[in-house]
Structure formats: C-alpha cells, structure tokens
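Asks: Before anything else, here's the structure in question.
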Amino acid sequence: MKRLPVLAFLVWVCALFYVGIFLFVGGFLLVRLEVNRTSTCEDVLLPSSAGSGSDFCHAQPRFRRAVVLIIDALKADFARYDPSNLSPRPYENKLPVLDELVASRPAHGRLFTFQADPPTTTMQRIKGFTTGSLPTFIDVGNNFASSAILEDNLIHQLGQAGKRVVFMGDDTWENLFPKKFHRSLPFPSFNVKDLHTVDNGILQHIYPTMKGDDWDVLIAHFLGVDHCGHRYGPDHPAMADKLTQMNGVIRSVVEHLQNDTLLVVMGDHGMTDTGDHGGESPKETEAALFLYSPSPLFPAPETKADPTVVPQTDLVPTLALLLGVPIPYSSVGQVLLPLFPLPGQAEGQGGGPDRAEALWINVKQVNRFLETYSSMAKDIPPDRLSELQAAFARVSAAYLSALHQGEPASPELIRSMQAYLSSVRDTCRASWARFHPVKMAAGLVLLAGACLLCYVLSELSSAVLAEGGVLRAPLVVGLCVAGCVAVAQLSSQGYVDVHWCLAAAAASSEVLFLWRNCRRSNRSSSSSQKGRVAPPRLLSAALVVLLLRCASLLSDSYVIAEGRAVTFLLCSLGLYVPLRLNWDGLLLPPPAPDSQKPPGALPGLPAWVVRREGAALCLSLCVLVGSLYLSLAMHACREEQGGTCQPSPFLSPLARVQDSRLRNMHYLLSVAALAGWTHLLYRWLRHYGNLNSPGVAVVAARWLLPGAAVLTGLHWAVGSAPEDAFRGLAELIRLAQSALPRAACAVLGLGAALLWLDPLTVFLKHRAPAGPHRAASAPPPPPSYRASIGISPQAELHHLIPQLYQRIRRSLEDGPAEGGAGEDGRPAVEAYGLGTVYSAPLLLFAGLLGLGLLLLHPESMAPAFLLLLLEAAALLHIHAACSTLYSQQGDYSKAFSVPWAPVVLWSLAATQFFHATGHLPTFPSLQWGAAFVGFPDGHTGTLLPATLVTLNTFSAHILFAVACPLLLFWPLVCEVRWNRSGRSGGGEESEDVIMEMRLRENPQQFSSALLQLAVRYLLVSGAQVLASVCAAAVLRRHLMVWQVFAPKLMFEASGFVVGSVCLLLGVTLILRVDMAVSGWFKRLLPDTSR
C-alpha cells in the first residue's frame, strides 16, 4: 500500500482549502482602522464672547469623584421594579433600591436602558464604553485573549488629568489597560462556575477604599450575575440570591457617597433566556444604566422628550465632561443632555458646561476625529463625507454667531448639533464593515479550485497513485512562485504580504496539477478507459441533495432553521436509497438461473441473500429515521426563532434542574446511554473476535473504555449535586470535580496511546493434532475463542479467512503434513479478528474519542451521543446492504469505491448532530462550561480552555471525520458468503468471505479507494464552506450579514478545519494499522509475504 503518497495528497488538498479560507476571511473580516491620537486640553478650549478661550481642564468640574459599579450582564429587565407583580420570577423585583432612589429623589437619580452594540461580549463592551467607538465583528474572537487598548480612552484621559483611578474585579481590565491604574485588584474572570470569588473580593476592599482619600475614580466590575446566568440561567434561585446581594451592595455604596461623587451602576450587556450573550438580540443588547448623586444630578424635571434608551458610546463623552477631562479622540458618542443644565443656568450647578457648551465640545471632537479618520481611510463615501462637513459648517457658524451676539443657543441649534452627532455615528457604523474585494475574490476562486481538484483527484485516484511522483512538480512550482512573489513584494513595497504569497503558491500548484491530469485524462479517453473511474449509480441524487444543502446556506431563514433542514435532507436521501434499489429491481429475488447464459457469466445473488439484505436495509432505515426523530428533541433555539421554538430540557446541566426527581431521571437516562455506548462498542469487537489478542489494544477495549465510562458517570453524579446539598463535603466534592474528569481523560489518553502503539487486534491460535486416545466418534471440541457471526460451527473455518490459513499452515513447521488440517477438518493455525483488522482499531479509537468528547458536554447530552452512534451504524449498514445488492450488476463490491451518496449522508450526519448536541452557528450558543471540565478553579492561560471549547463545539465533525474510513471497510465487514448453487455454507465453489483482507490482497486498489473516499469527503465538506463564502460575499450588505451569515461562515470554516484535521488523523491510523499488519505478516510468513 502506498501510504506516504496518500497522506501527502490529503495534506496538500487540505492546505489548499486552508489558504482559500484564510484569504477570504482576511478580506471579509477586517479590523477597523484605529486612530492612535489623543485628545488634549487645547482641543477643548471654549470660545467666549470676549474672544478669549477658557481652559476646560483647569476649571472646576461638575463632580470631583465617581464610583462606577459594573454588574456584568445586568439586563434591563433585572433593574426594573413592578410592585404589582406579586409572584416575581427569580430575576424580577430583586433591585428595589433603584426604584426607591428614583421615586424618593427624582432629581438625584434616574434609570435608563443601556443599549449595547454587538458583539455583546465583555471585552468589546469595555472597549465601547471606555473609548466611545464601535467594535467590529472580528473583535469577538479576542474576547478571551484581550490585548491592550491603543486608542484614546477614558482611563487614559483620567490618568493624564492626574486623577487616581482604582480598579477591582474582572481581570480583563488589567489586560486592556496595563499599568494605567493608580491601584488595581484584579480577580480571574474565566471560571463561569465560580459565582462568588470576584464579588467577595470586591466587597472586601470597596468600602475601605471609599472611606479613604486615595482615589478619585473607583471602578468595580462584579461577575456573579453573569456567571450565574452562564451556569444556571436567569430563571434560577441562584440568580435571585445574586441580584439580592447586588441590591445590598448598591444600598451600601449609596450610604458611603459624598456630595461631590457621581454613582454609575451599569450592565455591560444583557443575557438570553438561557443565560448566554454575544449576539445582537434585544435581550442581549439591552442592559441597565442607573445614574445617581447625593447632590442634584438632573437640573430639570424629566420630560417625554428626555431619552429612555442610552447608547453605551454616549457614556464616554458624558462622564468625560462631568469629570472635567477631554473626550477621547475616537469617540462617536453623544453627551446625555438631561445631565447638563439649560443654556444660561449653569451657575448654580456646581461648575461644568451647559447643554449647548457640552454639545459644542462634543461636535468639535467628533468632527476632528472624522477629518482625521477620513484622511487615513477611504471607506466613508465621498458624497456622505461632504454632507457631514457641510452640516458641521452650518452648526459651527450658527453656534459662533449666537455666542458672538451673547444669545443662548436656540432649541433648533441644539437639535441640529444632536442630528449631526447622530449622523456621524450612523455613517461610521455603516462604513466600518470594511471589505477587501480582491482578497475575497481570490479566496473564493481558490476554494472553488480546491473543490474541482478534489473531484478530479477522486475520479483519477488510481491512475494518480499508479504513476507516482505526480505531486512533486506542483509543490515545487508552488514554492517557486511564492518565492518570486515574496521577492517582488520586497523590492516594490519593502515588506512581504503573506496572504498573496500563499495565494500564489496554492493557485499555481492547483493549476499545474489540474492541467497535467486533464492531459492525462484526454490521453486515456483517446486510447482506453484505463485509469478513469466510472460515475457511481447514486451520484445524481447525492448531487441534488448537496446542491440543495449549499443553496440553503444563501438564505437566512434556512440558516436559522438549519438543524431541521439538514435533518430533512438526510432523511430524504436515506429514503431515496431503497426507492432507487426497488426501481432498479434489486430488492426483488432474481429470476431462475438461465441455462442459456454463457459460462463464466456473473451469477446473480441468491434469493435468500436479497431477502436478508433487504430486511437489513429496512431495519437500518427505521433506526436512522428513529434516531433523527429523537435527536430533534436535543436541538437548541436561536433568538430569531422567538416563541416558535422551545429549547430542549436536555441542554441544561443537571445542576440547573431544580426538581430532584426529574434530575434523578435525567441522570439515570444519561448513565444508561453511557453504558449503551460502551456496551455496543464492546459487543461489536467481541462479535468479530477482536478481543482475543494479547496485544495492548485489547487492554484499551476490555478495561480502559469501561473504566473511563465509570469515571465519567461518577463525575456526573458529583457535578449534578446542588451546591447546598453537601456543605460538609464541599472540599471533597471540589476535589472530585477536578480529579474525576482528569482521571477519565488520562485513562482515555492511555487507551488511545496504546492503540497507536500496537493497533493489531489479531489472535493467532495453534491447534495440536488429536491424540490416539480420542475416540473416533467424539465430536471435535469447539475452539477456545470464537467470533460467532450467526453461522454454523462447520462453516466457521471459511469465515476465518481460509486462504490465509492455508498459507500459514504451509509455512509453519509443526503443521500437519497433508492438507494442513486435523481429523476434524479444522486448520492447525487459526487467526481470529483478522477480518476486521482495519475497522476494529478505528472503531475503538472513535469510541474512546467519543467518550472524551461526551465528557465535555452537559450530562444530559449522553442520549444524543448514543443516537449519534446508532445513526452512524445505520448509515454504515445501509451502505453495506447497497454494496451487496449492487454487486449483482457488476464489480461494485470488489472495486472498493465508495459512492457519493454514502459520503454525502455521512457529511450531513455530522452537521445534523452538530445541532443535535445542542450547538448552533452563533457565538452565544458556545458551551463555555466545557473549558472548566476538570478545571473548576479556572485556567492561567487561554490555549487550553479554547481547545476544550473547540472540541466541545465540533464534536460531531470530529467523530464523523475520524470514522469516515469505515465507509470503505463496512461493506467488507458485512460481506455475505454464498455459493453458486444458492446455498450458504461450505462447498468447493463457495465464495470465500475474507472481509477486509480483500484490501490486503489488492494494495493498489486499497490505496486509491482510501484516497478517493477522503477527497470525496473533503469535497462535500468544502462545497458547504464554498457556499457559506459565496453567501457572505454576495450578501455582505445584507441586513442579517453579521447576525446570520458571518457567524455561519466562521463556524462552517472552523468546522471544516477541525474536521479535515481529524480526517487526516483517521487516515493516518489506518496507515498505521496497515504498517502493523505488514510487519505481522512479515514475521509470520517471511518467505511469502509481500
């Protein structure tokens, strides 16, 4: 078998897809251009009627101090108080202090809805309400790898003004503003299961700090509410406890306030009904904002014209002017006017500008930023820029004219300045989705070329591998072209753009390979058909389903309902298979043998074989449909689906289930599914005799797999216990939450390592000849190890690969002299498990991997994994039955070629179980709890938690990709033995069932079939990535692009990368097994082995 060429081709094809994805994403998800300039006091000079400017920075500010309490995920609904609600939910009416302060002192405090800009993740929100700028989509990927903010921001301006900023809470601030605080007390923020560490740490320091005089601005970022939402959801008693605690914190802070101190209580974002956030639904973007001061804060009573919804960017200019510092340079926010006195009434308000002056400072700052940004970037349309410049000129002339005449600014002028600020923000929001069309087009072309190359390679895999050295020229040419491009860039630009170097290498190697194989195909067609693969029978239906799947990715409605759409396509294609077989007449018993047929004509299948395979096909279809139907109960709901979708109760961890009886039922169901997963794998391996080997791989199957399952069940039992159930055993439970999953992972890792070390599961047995004392009539004893498959003991010899046994008998010195068999007709040497020597290690590895991935999911997802196993088995048996039935028409089973239909079904199943395990192509649906399995105290870095979340998210892609080679082996595993007379059993003319050893007998066909299967799977998966790329490119100005199409592109591309790597892993394991089989034969048969 040509192992290295197969692996080299697959790595090269995957690299082509990676380059195309990298190039397109580089043009589609660009980060907004940051203006690294800083506002100064000179920028805030106020014109006066005397013509001299007043120094804003050295004037008395409205407030000398400020306390900013950030309650992470403080949703707007959490802050509202409804006295008529007599039966509040856990998150309702838990902050009565806000309503009391607003009702008793309306001039001192007011509650607003704080509107966040998506993405609603903590780091982006902190950037938004400290810089006043708008984030971009790509920033969401940096939420847990925060880097320092380089743009001008409120923290920097406060420091420049000499104000002492003290911070305590979420350590994200320390990463964003390194060495910017006068004093900081950061606490680790990533452990979403920890509800109290950060909050309790703040409470230990906040009151002593407020009593002291060593601070000017105090920022405290509480995380308990957010973590409670992630762990339990908002509708849980733990949320009521957390909000009640925050109510007490606010009340105590208010009691410690002085008259010159401003209190800001705010949430950075909201949360969904499941406690998640990150998207742009109203539940995620609507937070709470409460402003209060012991001195009068609002100069005028509240009117209907006053805003009730405040964009988060507006907090930056408002706080800057209230505290007497310049507005950050890149801010596009607008001052909150109700906080500022009317023109001419600022004398009695403790200093600071009035409304007109505040708006004028704000307008000048925004115009200054607009001019700088438009000179550096060209993404704002020129006509729109001209309109904004003309609007500023009109506003500036009107304001300076009123000031020169000594008149207060008119309401019309104030509205004009507000309109200008709103127009600039809207323009920036529309323009900061900057695209690079050339890179996007290049990436799209590369992806399309990679898909075409996969098709060509799948059709010509045998000829390509037979020729040898086909890949050398494309690789060399690609490297040379990339080097030339790099040299040209260095000489012309002075730097190397990696995007274009990779694009040049990928495109040149693609074109050269396709051109050479096109010439080879033309020569083959003109001379003979050798080296060309005939189109498979089910290509048309599979192609239609694949096209429908790709077309659905261009519709936001289908992407939103993707889980059910993919389930429908998978079920439809599965049901099409028996209909097509029946249409071709292959499900009916064949007619009686025709005596007029010439000798040597292909015999049809016996009637009993057709009936048996038809029954197996129908049973497999029932299992498939049943699994699909049951898996629909595991699906999650998107925010866009609203009330039409109810989230599955299986998605919540057992610790969230408050009903103890229901929790126990879910736990028992999960344990039963876990036991079913382990038992089915064990039973299959025992059925085919793969548990008799003395090798270390059997240790993994017999002991390590059940041991890991037991540890997983114990981990679930510990994790599902309520926090207050065993207070006396808290330390022991905490130790078990860390030790049990780590031990399970260690056991699974050891099993996988042993499997890779020695993947053979073959048992070689010698039989001593019968002694003279044995009675002639005594029946032969059964073998000590049997791999029963439902056939008679007399026929077992033929099941155990007789051709190999004949060679083994001839090669061993102690074999019988004649015939190589004992008196009972049995061979002297028997090898058990050799018929499934390739599939058994792969199936065992997938079982170990699946158990590890299940460990990263909520306990109640165990039934979904069992359904995944049943669905995969059903698809494999459907494919095997079709292979057997189609063998009546030709050489289908012996060519080892896997048709397109099973490959498309396999890929659709991966996508279907992505949804059936509770995942969605949205960032709020990420199951962050996977990062803390085995690490309840959190992590010191971000690589390990990111890896765990990735494994959790793409579990279905990983399992189906690793197990993809089973499509090649399963028809051989399920091979039916029959003879020309139509009877099962022995006979000289019987067809030997040698199962997977057929691949060993035909190494060239084995190599080409494995390569063909792998590239077909890559093509089906790559076509879906290409469709997502086309949707994002064509609909990049669509209303739902950042909510639906861009996240779908990211998840589809990431799933392809993870799946292709795991496909390489599965193929590599097969090559490792083949190497071990070759070594086994070489040791056993040194003279005759190849």
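The backbone N, Cα and C atoms fix where each Cβ goes, glycine too.
A TrEMBL annotation is a machine prediction, not a hand-curated record.
The transmembrane segment annotation in TrEMBL covers 7-31, 440-458, 470-491, 497-515, 614-632, 666-685, 739-757, 837-857, 864-886, 954-973, 1014-1035, 1055-1073 (among others).
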Asks: Among 440-458, 497-515, 864-886, 954-973, 1014-1035, which stretch has the most Cβ pairs under 8 Å to the transmembrane segment (1055-1073)?
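Replies: The listed stretch sharing the most Cβ pairs with the transmembrane segment (1055-1073) is 954-973.
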Asks: State the residues, same chain only, that lie 6 or more residues beyond the ends of the transmembrane segment (837-857) and have a CB under 8 A from a CB inside it; answer 'none' if no residue qualifies.
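Replies: Non-local partners: 674, 677-678, 681, 684-685, 688, 690, 697, 700-701, 704-705, 708-709, 712, 715, 741, 744-745, 748, 751-752, 755, 759-762, 864-865, 868-869, 917-918, 927, 930, 933, 948, 951-952, 955, 958-959, 962-963, 965-966, 969-970, 973, 996-997, 999, 1066, 1069-1070, 1073-1074, 1077.
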Asks: Quick check: do the transmembrane segment (1014-1035) and the transmembrane segment (666-685) share at least 3 Cβ pairs under 8 Å, counting only pairs 6+ apart in sequence?
Replies: no
Asks: Which residues, given as numbers and ranges, are at least 6 beyond the ends of the transmembrane segment (440-458) yet have a Cβ under 8 Å from it?
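Replies: Distal contacts: 9, 13, 16-17, 19-28, 464, 503, 506-507, 510-511, 513-514, 517-518, 533, 1011-1012, 1015-1016, 1018-1019, 1022-1023, 1025-1026, 1029-1030, 1033.
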Asks: In terms of Cβ proximity under 8 Å, which residues at least six beyond the ends of the transmembrane segment (470-491) contact it?
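Replies: Residues 5, 8-9, 12, 464, 497, 500-502, 504-506, 508-510, 512-513, 516-517 contact the transmembrane segment (470-491) from elsewhere in the chain.
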